[in-house]
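Peer 1: Not my notes, these are from Swiss-Prot:
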BINDING   334, 385, 511  Zn(2+) binding site
DOMAIN    1-61  domain 'TGS'
REGION    243-534  region 'Catalytic'
């Protein structure tokens, strides 16, 4: 006679074991119709699963985050159902959910085209609209294996052989004639799976191992209703317009080529943005009392073995040999900073020491994961390491957090998700040390008035960390900033200071990054601004142009005045109509176009237009110079005349 406790604290008693759906039916027909699954004692369960003992129960509907994830997982099975009908020889591998959707890896000799995706999507919708029931059966390990052997599914058999114990009873989900295996839960009926779209096909190795066969990965998105789907597809269209690779080419910022995969060739305008970011961060380093250093980008294998990178990170490190010595190009800056700290005796009075570097790092990322500026092999980190005592952790982390928000707000990022990752199962140090470290981070977050999500067990083995993820104008999250405590590396590299009692102590090291990879951050802000960089970042801040040849000398004079004031300015004296010039520089996202005609010359002024099409009227040259200088100096996000 199970007693079911509902979220509002009310209870319902049943004479016999009862399913999740039956409990929903006892509450009301509307809830029963909306039921996708349930959370029994905190664990997600199928709507058909029986509850045999006293339990808590939350009904999961399409309005819940879990409900949407279940819809997406069931759409992966629906894709399996459809592809088996259109391509009977296909072998099914795995089909998990991902952010905003799902994918299925399939083994198929035929190379899938966009036309194939359209046909698959059409068949999926035809199947879903029959609103068939999804039937769940728990079977023995042997029955599951026999089922997939008969159906010619070697990947499902491999999953059973390698991942599921023989005394287990895996769940098989029946979509009419199609059968798939999954932990679940899944929707009880396909009426929940009407709003989806197949997006693309990519290659993927079985089990992610390049030694295995290359499969075809079909990506899709799925949502609870048509409105959500259309809104998401609209966001994707906007994201495509903002793609930093497309804008980077149009604005001549950088390029990449096959001979240097994952490495950036910065062109003049892109490098201008890069240097402006460095200059900005340098002003903040001075403000927050950091010293700037520069370490070598390549060091002997012996050092990397001491740090543990060689053993744990070796696959991602580029190596070379010289004079019978093996070297690795640094994937990160921290070991070099410890070497600098170790030069000379340090006292507790010297701490904290805040050491920053714009470090050129390289990581041998898989070629398939490379993506424009967002995922590269060669990058520059705005990295810093703070050497301090345990007593200084909280105040130093508090300062790091203030610096993070100070810098992000300059770019207009105010919606920031904060996550605190705590001790993993495998870790160094005792519980007391971890208690102090985690509490220090939590106190620093509280001191800054920040709400945060705790990620249990997600910290590094050497210390807990805080992550900062920017949410952009398309509601995407970009994890950029980190504040990481490290109780291991300083000791491994024999870092020490003389404490107040004259004993040698090992300092705590705080790893701190704000922009993260400067390359990636440029990609992020290129998409955030859609290439309309604020005037302080714009490679060219103003273009001065004439209407006829008679204004050429005045244009050159105005251009020199702006240039002498430290502004990035160009002149356009081409024999073209002024409307043509304005359109061209508007497409180049130049903030201001200064038009000089006979009237402007006679008054000593310029006619000012913006890249958004606003005609701001005339300004004296001196007045406009001061306006633009103030915008650049204060790093304003908006142009003159913009609200």
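Including glycine, each Cβ sits where the backbone N, Cα and C put it.
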Peer 1: Mean pLDDT for the region 'Catalytic' (243-534), rounded to an integer?
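Peer 2: Mean pLDDT for the region 'Catalytic' (243-534): 92.
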Peer 1: 10 Å Cβ neighbour count around residue 511 (Zn(2+) binding site)?
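Peer 2: Summing over all protein chains shown, residue 511 (Zn(2+) binding site) has 23 other Cβ atoms within 10 Å.
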Peer 1: So, in DSSP terms, is residue 511 (Zn(2+) binding site) helix, strand, or coil?
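Peer 2: The three-state answer is strand.
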Peer 1: Residues near the Zn(2+) site, 334, 385, 511 excluded, by Cβ within 8 Å of the Cβ center?
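Peer 2: For the Zn(2+) site the neighbour list reads 332, 333, 337, 383, 384, 484, 486, 489, 509, 510, 512.
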Peer 1: Let me know the DSSP-derived helix, strand or coil state of residue 385 (Zn(2+) binding site), please.
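Peer 2: Where residue 385 (Zn(2+) binding site) sits, the three-state DSSP reduction gives strand.
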Peer 1: I'd like the per-state residue tally for the domain 'TGS' (1-61) from DSSP, helix first, then strand, then coil.
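Peer 2: Secondary-structure composition of the domain 'TGS' (1-61): 14 helix, 24 strand, 23 coil.
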Peer 1: When you measure from the Cβ of residue 385 (Zn(2+) binding site), which residues in the chain that are at least 6 apart have a Cβ under 8 Å away?
Peer 2: 333, 334, 337, 338, 354, 355, 509, 510, 511, 512
